[in-house]
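Asker: What Swiss-Prot lists as active site, proton acceptor is H123, and the listing cites sequence analysis. Annotation comment: Swiss-Prot describes 21-41, 101-104, 191-193, 217-219, A235 as NAD(+) binding site, evidence class sequence analysis. What Swiss-Prot records for Y66, R69 is substrate binding site, and it gives sequence analysis as the kind of evidence. Residues annotated as domain 'Deacetylase sirtuin-type' in Swiss-Prot: 1-246.
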Amino acid sequence: MDLSQARAALKAARRVAVLTGAGISAESGIPTFRDAQTGHWARFRPEDLASPDAYRRDPDLVWEWYAGRYRDVLAAQPNRGHELLAELERRKGPGFFLATQNVDGLHARAGSGSAGGELVELHGNLLQARDELTGEVFPLAAPDELTLPPLSPNGQRMRPHIVWFGEYLPVDALDAAQRAFAGAEVALVIGTSSVVYPAAGLAAETLRRGGAVIEINPEATDLTPDATFSLRESASRGLELLLEDD
């Protein structure tokens, strides 16, 4: 498959599934998870802060770290890649499904999930917290009103609404993603190294059932040898190339 054939396949497809990773948000200035360790936090490994054990050991420290990341995310804006995926959803309607490994909420802010298709945040959302007792999810207060640790409306302490090291992805989110990729005529895999499972296995669901997988990533990944077509571009530029004739 070449670029013109990839464009034609995407244009003709009624069912499109998309997986995005950190690469698409890097263009909005969001550091990757491991790049985020600077300043005071440089002496910590991400695993030392983003795990159930870390939270049990020192919830205040974990919340201090997440509060900084929360402020960074709120200061960022969706980029052209986010906007193009929202536009693709508007074109495809209910046949469009987007699963993201990112926790920054930028896809939703760009309009994804509100134009007839579905958005699933596989790893949670930095802009939310959940009640430790009930599991109910609430939006975080504005940074200048945020107290740590935040409390739910019923006074229970809340934890970040994030899937931590050692935790499983939410079953309903993963099931929805697997169904969407299994039924997709075309799957786009954008800005991810394709090494973190189970998300990295989603493209195989599409290939197994005869669908096409189009990868967009600046460097080759573990998926590249199996992808139907692979673009060595940034997320935004790759999407522009795929959609420019529409």
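Just so you know, glycine gets a Cβ as well, placed from its N, Cα and C.
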Asker: Given a 10 Å Cβ-Cβ cut-off, pick out the one of the binding-site residues S25, N217 that has the most other Cβ atoms nearby.
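Answerer: Comparing the binding-site residues S25, N217, the most crowded Cβ belongs to S25.
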Asker: Going by Cα-Cα distance, which of the recorded positions (G21, S25, D104, H123, N217) sits nearest to R69 (substrate binding site)?
Answerer: D104
Asker: Whole-number answer please: how many Å between the C-alpha atoms of N217 (NAD(+) binding site) and H123 (active site, proton acceptor)?
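Answerer: N217 (NAD(+) binding site) to H123 (active site, proton acceptor), Cα-Cα distance: 20 Å.
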Asker: Counting Cβ neighbours within 10 Å across all chains shown, tell me which of the binding-site residues G21, G29 comes out on top.
Answerer: G21
Asker: Have a look around R69 (substrate binding site) and count the other CB atoms within 10 A of its CB, chains all included.
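Answerer: Taking all protein chains shown, R69 (substrate binding site) has 21 Cβ neighbours within 10 Å.
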Asker: On the three-state reduction of DSSP, what should I expect for S25 (NAD(+) binding site)?
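Answerer: Going by the DSSP assignment, S25 (NAD(+) binding site) falls within a helical segment, counted as helix.
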Asker: For D104 (NAD(+) binding site), just count the other CB atoms lying within 10 A of its CB, please.
Answerer: 25
Asker: Write out the long-range same-chain contacts of the residue listed as 'active site, proton acceptor', meaning residues 6 or more apart in sequence whose Cβ is under 8 Å from its Cβ.
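Answerer: Spatial neighbours, sequence-distant, of the residue listed as 'active site, proton acceptor': T100, Q101, N102, V103, I162, V163, L169.
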Asker: Please report the three-state DSSP label of Y66 (substrate binding site).
Answerer: helix
Asker: Counting only residues 6+ apart in the same chain, whose Cβ is under 8 Å from the Cβ of Y66 (substrate binding site)?
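Answerer: Expected: L126, P160, I162.
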